[in-house]
Amino acid sequence: MSVVLEVRGLGVRFGGIRAVDGVSFDAESNAITTIIGPNGAGKSTLFNLISGMIRPSSGKVMLRGVDLTGRPPYLMQRAGMGRSFQITNLFFELTVFENLRLAAQRLETTGRFLLPVRRSERALARVHELVERFALAPKAGELAGALSHGEQRRLEIAVALATEPSILLLDEPTQGMSHSDTADTAALIRDLARDVTILLIEHDIGVVMDISNHIVVMHQGRKLAEGAPAVVRADPAVKSAYFGHA
Amino acid sequence: MVDINVVEAKGTARPKRVIDRLGLAMRASHVLVALFVVAALIFAAVGVIQDDRFFLRLGTEALIFAGLALSVDILLGYTGLLSLGQALYFGLGAYVSAVVLKEVPSFWAAMAAALVVALVIGFLAGLIANRVRGVYFALVTFGLAQVAARAVYNTRSLGASDGLIGVPVVPIDLGVITVMSNSPAGFFLFTLGFIVVLYAVCAYLLDTPFGRVLLALRANERRVPSLGYSTRNLRLSAYVLAAVIASLSGALYPMLRGFVSPELLFFTTSGNAVITVVIGGVGTLAGALYGGVILTVLKSVIGSLTEHHLIVIGLLFMATVIFLPKGIMGVVRPLIERMLRGGKR
């Protein structure tokens, strides 16, 4: 296993508050690394720091050995960082096809950017592949805004994956899903991990323990513990901070 | 070649469904523009037979303002940016063209100058205007146009409040044929061709991945960076493209009228262009052409009956927004789309 993403001492201050404070961890290739922690622990802020949405005040983000610290989100994406959002963030007035096509366009050479859309064959082939894999083929011509919540959450992941990123950041992919949809999504994420490194934020502790290879526990902006699911579950500090008296 | 539209046809008896809705919508716009051109050619033929001057020149003016509306539609309909100062580039093109033509009566020199000036000013103003969004973008574009209008209005060498008069008649050398700018039918047909070329350029660009990302910007700007695009660069590109389209359209104005006046830069011009697009149909390109003709004809017809024609246009605008929120194209284009889709089965 090689390290894909290295996070070193990453932190940011909002006014006087350290929202994220000196967090370090590694995400290994083709593994699922999950960040957990109570509400307000700084998980989403950490994601925003890693993907460039917020500029860190300290620390480093390295992807495949390249220092990406402080780059804007669009350059992070080009460097191989794909991300989905906790609150579904799609192009609702465009079709499922177009949502995916827009993302898959990154696979094409720059020259195709100013040629008719149909000439970007690789992007179109990628869209075909994704609608099949995410069971969205019958909905490809529908507007993203017209999909059910579960379908929108699936599309959200598919869009992030369309660019063939080195690492996929998934922010609560099962948010608001029914029990059976959650199980399907968990299986899907495990399946995705065969081809891509995954960094996950997840609340459903059953899913977390089930699919994660490595868990990072956050508490009040700091890293509280990390390790394999069994190790983290047994950690007394984690027990008191996160699992309560479980 | 991969045909995305046959996704569902594989192994099923169901008919093909069009999945690339945007491509279909653009093809429908092409059909509507083709109909527009046919109607314009019939109009020109009737004009020639009747030996008309007035209506051919009014039609030419309508086409020129349709070009300005086209530029507003790129911003409003495709990029989601409301510019209330597009007259800046229209007037700029008109003044540059007038100044050049008075020095050297060469059509191509005037056009080239209008193009270069629009690129430079559009880029610089775009850097300023694109620092802000939404209402603030509308206000900044409005302000920039007001500043330019005032500057021209107070500059004696540009004719100040009188504008520049005495722009000479120019021969437009198209290689095979030379059109004189004072020939009503000839210049009408030339302008028609010119605006169709502008439409074709816009339609081509908006159907490339570049154009589709502009639509993505309109739909949800926050998601665009995670597709790997700089929203600032995209908005700036759209802004400069719109500036060029407006400027080139404006450059034809002094050839038609023989003069330019500061009114071309005023808010009325910008506002009318937005109204034109809304009446025609936002985000359709073809709507800008139809809207341009409707508005110019209405202004002229109602203006000859009453000097309060702005009231009528205001009421028409309100009625459109309330009863036809997607404009005329919003009603007509879906019919053409259905026809095109039917033909594909």
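Positions of Cβ are set from backbone N, Cα and C atoms, glycine also.
The transmembrane segment annotation in TrEMBL covers B:24-49 (among others).
Long-range contacts of the transmembrane segment (B:55-76) within the same chain: residues 40, 43-44, 47, 82-83, 86-87, 89-90, 184-185, 187-188, 191-192, 194-195, 198-199, 202, 206, 214, 238-239, 241-243, 245-246, 248-250, 252-253, 256-257, 269, 272-274, 276-277, 280, 282-285, 287-289, 291-293, 295-297, 300, each at least 6 residues beyond the stretch ends and with a Cβ under 8 Å from a Cβ of the stretch. What TrEMBL records for B:55-76 (among others) is transmembrane segment.
Per TrEMBL, transmembrane segment is recorded for B:107-128 (among others).
Taken from TrEMBL, the feature transmembrane segment covers B:135-153 (among others).
Feature annotation from TrEMBL assigns transmembrane segment to B:187-215 (among others).
Nonlocal intrachain contacts for the transmembrane segment (B:236-253), taken as residues 6+ away from its ends with a CB within less than 8 angstroms of a stretch CB, comprise 61, 64-68, 70-72, 74-75, 78-79, 81, 83, 86, 88-94, 96-97, 110-111, 114-115, 117-119, 121-123, 125-127, 129-130, 191, 194-195, 198, 201-202, 205, 210, 214, 217, 260, 264. If you look up TrEMBL, you'll see B:236-253 (among others) marked as transmembrane segment.
Sequence-distant neighbours of the transmembrane segment (B:273-298) (same chain, 6+ residues past either end, Cβ-Cβ under 8 Å): 25, 29, 32-33, 36, 58-59, 61-63, 65-73, 76-78, 82-84, 86-87, 90, 195, 199, 202-203, 206, 218, 309, 312-313, 316-317, 320-321, 326-330, 333. The feature transmembrane segment is assigned by TrEMBL to B:273-298 (among others).
Outside the transmembrane segment (B:310-332) by six or more residues, the chain places 29, 32, 272, 275, 277-282, 284, 286-287, 290-291, 294-295, 298-299, 302 with a CB less than 8 A from a CB of the stretch. Residues or ranges marked as transmembrane segment in TrEMBL: B:310-332 (among others).
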Residues of the parent chain within Cβ reach of the transmembrane segment (B:24-49), under 8 Å, 6 or more residues beyond its termini: 18, 55-56, 59, 63, 184-185, 188-189, 192, 196, 199, 203, 206-207, 284-286, 289-290, 329, 332-334, 336-337, 339-341
